[in-house]
Amino acid sequence: MADGLTLVTDETFEREVLSSDLPVLVDFTADWCPPCRMIAPVLAAVATERAEQLRVVTLDVDHNPITQSAYGVLSMPTLMLFRGGEPVASMVGARPKARLLRELDQVL
C-alpha cells in the first residue's frame, strides 16, 4: 500500500479491479510526476471516506505498461473509474478533493 492505497500491477489488475464487487477508482501514476504526488493525499482521503462504496487503487505506469497501454493512458495522473469490470469514467490531472468527489458522485 502507498499512502493507504492498494497497489495493483499488470498481474493483479484483473483480480483487484475488473473482478471487484465495488466500483474501483484506478490512479494511473508515476514516481516522476509532480501532480501525481499532489493528488496522492486526496486519493487516500477519498479511499477512507468512501470505503463502503468505492475502492481506490494505484498503478505505476512505468512498471505496468500492459495495463497502461490497454486503456490508452497517456497522461498522468489519469483517474479511471471501473464498475462491473468496465471503465465508466476517466479524469486526467490532479484536482481538489471536493471536485473529485463531485465527479465521482455523478457516476456512482
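The backbone N, Cα and C atoms fix where each Cβ goes, and this holds for glycine too.
TrEMBL entries are annotated by machine, without manual review.
Going by TrEMBL, these are the annotated features:
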- 1-108: domain 'Thioredoxin' (DOMAIN)
- Asp27: site 'Deprotonates C-terminal active site Cys' (SITE)
- Cys33: active site, nucleophile (ACT_SITE)
- Cys33-Cys36: disulfide bond (DISULFID)
- Pro34: site 'Contributes to redox potential value' (SITE)
- Pro35: site 'Contributes to redox potential value' (SITE)
- Cys36: active site, nucleophile (ACT_SITE)
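Sequence-distant contacts of Cys33 (active site, nucleophile), defined by Cβ-Cβ distance under 8 angstroms and a gap of at least six in the same chain, are Met76, Pro77.
A distance of 12 Å separates the Cα atom of Asp27 (site 'Deprotonates C-terminal active site Cys') from that of Pro35 (site 'Contributes to redox potential value'). In the domain 'Thioredoxin' (1-108), helix, strand and coil residues by DSSP number 39 helix, 29 strand, 40 coil. The Cβ of Asp27 (site 'Deprotonates C-terminal active site Cys') has 24 neighbouring Cβ atoms from other residues within 10 Å, across all protein chains displayed. Neighbour counts of Cβ atoms within 10 Å were compared for the recorded sites Pro34, Pro35, and the top value is held by Pro35. Sequence-distant neighbours of Cys36 (disulfide bond) (same chain, six or more apart, CB under 8 Å from its CB) are Asp27, Thr29, Ala30, Met76, Pro77, Ala94, listed in sequence order.
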